[in-house]
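Have a look at the structure below, then the notes.
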């Protein structure tokens, strides 16, 4: 296990509100990590910083073996470096079919001319079929993504994430709006993905996190409050006070 | 790693039957107009009508370009007529220079001593620029003697302008209505600049006599009008085909995704700005080509042509025709621009209400405005959307 992502001493202020306060997190490869914490703890902002959406006021975000700083890269460069993200609210391209959504996400060259001259290959078609199978949307490939149910959209987005074949998956509330059976399936997908890559999951649902059975980081007021196994952090008095006890 | 096998890609035209339908209709229309025209056949369509139809085809071409940049990629450019006008100016410079050269050489040939090249150039310059009180040929006209060079200018000048403008705007992430305002400012600035007499393009006089093609004095306008009509039809057909291919497949998928949620596209690893820049520049170049075919048929170009309102009309045509479908843009441009010249050209009879006479020259804009509101409210997909009710998209 080597460190893939190292966030150290990062702080962000929005209009005087300190959303992230001297935050330091390390993620290894492969690893499955859950991030929990009360509302406003900075979980989503943490993902925004890693993916380049938000620029921190101070601190470092270091990526990969070559220790590249992500702070100098654009969102698309970070994505191409191997960081994929699933948003809290499922954001798929609703006007397009499931197949088109997956094809767009599929790992391939991203330049305009590459895409213009792109030709569907058998391997790509097979990979899309395989992904659709995994996310339970094999029968829906030709349907518009906008017609899917909330849970199916969540899965489509997870499928798009896997299609990118990233080294680090940042997954924001993957199980929101899912039935218990769907949740179980989602945990399976994430656990399998974490066998070969780094997966960071933000979740509120403790049952879901228990099933993931991984190291947990508790955020509070923009910094790490506790870190360790789920049992370890749930026994931490501070965690109980700010998060669990309410 | 094994090389991926190329799957037998279904033919592009087989997947997009509407493209074949469109090209078929365009070919039939071209044939029909040719047969009925004064120049070649039954003389049921006058030469001036052939010119209007040819110009309309050019407007359809720029509308298709507008549909790609706005309807597919979501960039509401309100400045594409600037590129159209620049294309017209670029070809107009050669037309005017070469024609004046012919006249000057002929009139000087009577003099006992043959004129020198410098004398000829001076005479051309004072012929063209006398109207703005100058007899010097501006540096801008350095290439005007050569058709090849000016044809390159048709593509290069608007292309470069679009590239630089787009690069600055997209890099700073200017989007939505702010970008629209910026493009309006661009076309307004260009138009105001060209209105000045000392810019080397004859100020508000513009370039005129463009319908006379140098070296083709022996060809009657009835035939010339058809040549340009065919060229316009060919350009529209080719432009339509290229854009239809562009917006199909994965590239089309990515630009529609940019229209719907560009931030999300970035997180998929696509460099949104370079896609936008490519679409913006390409559509600008196509607009310029449309302009270069339009103005020899119109005969005159002046800075009023690229006033901000022209580009707004362009957006109205595409909205009425139905954006996000290329044939919609063609329908919108054809219907609205032909209706406009019918109503404002005195074709529509005035309506006498007894107490008030509706004069269509004044009331056409009101009618267009009401039509725009009605389409937006009741047919948000435009006239082209009506086809969807007949043929369900796959």
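Even glycines carry a Cβ here, placed using N, Cα and C.
Pulled from TrEMBL:
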- B:20-45: transmembrane segment (TRANSMEM)
- B:52-72: transmembrane segment (TRANSMEM)
- B:78-97: transmembrane segment (TRANSMEM)
- B:147-170: transmembrane segment (TRANSMEM)
- B:177-195: transmembrane segment (TRANSMEM)
- B:227-247: transmembrane segment (TRANSMEM)
- B:274-294: transmembrane segment (TRANSMEM)
- B:300-319: transmembrane segment (TRANSMEM)
- B:326-343: transmembrane segment (TRANSMEM)
- B:363-383: transmembrane segment (TRANSMEM)
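Against the transmembrane segment (B:300-319), stretch B:78-97 shows more Cβ pairs under 8 Å than any other of B:20-45, B:78-97, B:147-170, B:227-247, B:274-294.
Note on the transmembrane segment (B:177-195): residues 75-82, 85-86, 89, 165, 169, 201, 203-204, 303-304, 306-308, 310-312 of its chain, located 6 or more positions outside it, place their CB under 8 angstroms from a CB of the stretch. Counting same-chain residues at least six beyond the ends of the transmembrane segment (B:363-383), those with a Cβ under 8 angstroms from any Cβ of the stretch are 316, 318-325, 328, 331-332, 335-336, 339-340, 343-344, 348. Segment contact is absent for the transmembrane segment (B:274-294) and the transmembrane segment (B:20-45), given fewer than three CB pairs below 8 angstroms at sequence separation of 6 or more.
Long-range neighbours of the transmembrane segment (B:147-170) within the same chain, counting only residues 6 or more positions beyond its ends whose Cβ lies under 8 Å from a Cβ of the stretch, are 82-83, 86-87, 90-91, 93-94, 98, 179, 182-183, 186, 272-273, 276-277, 280-281, 284-285, 287-289, 291-292. Tertiary proximity for the transmembrane segment (B:52-72) is limited to same-chain residues at least six positions away from its ends with a CB under 8 Å from its CB atoms, namely 33, 45, 80-81, 84, 225, 228-229, 232-233, 235-236, 239-240, 243, 246-247, 252, 255-256, 259, 279-280, 282-284, 286-287, 289-291, 293-294, 297-298, 314-315, 317-318, 321, 323-326, 328-330, 332-334, 337-338, 341. Counting residues 6+ beyond its ends, the transmembrane segment (B:227-247) has Cβ neighbours under 8 Å at 12, 16, 19, 22-23, 26-27, 29-30, 33-34, 37, 50-51, 53-55, 57-58, 60-61, 64-65, 68, 72, 255-256, 282, 286, 289-290, 293-294, 296-297, 326, 330 in the same chain.
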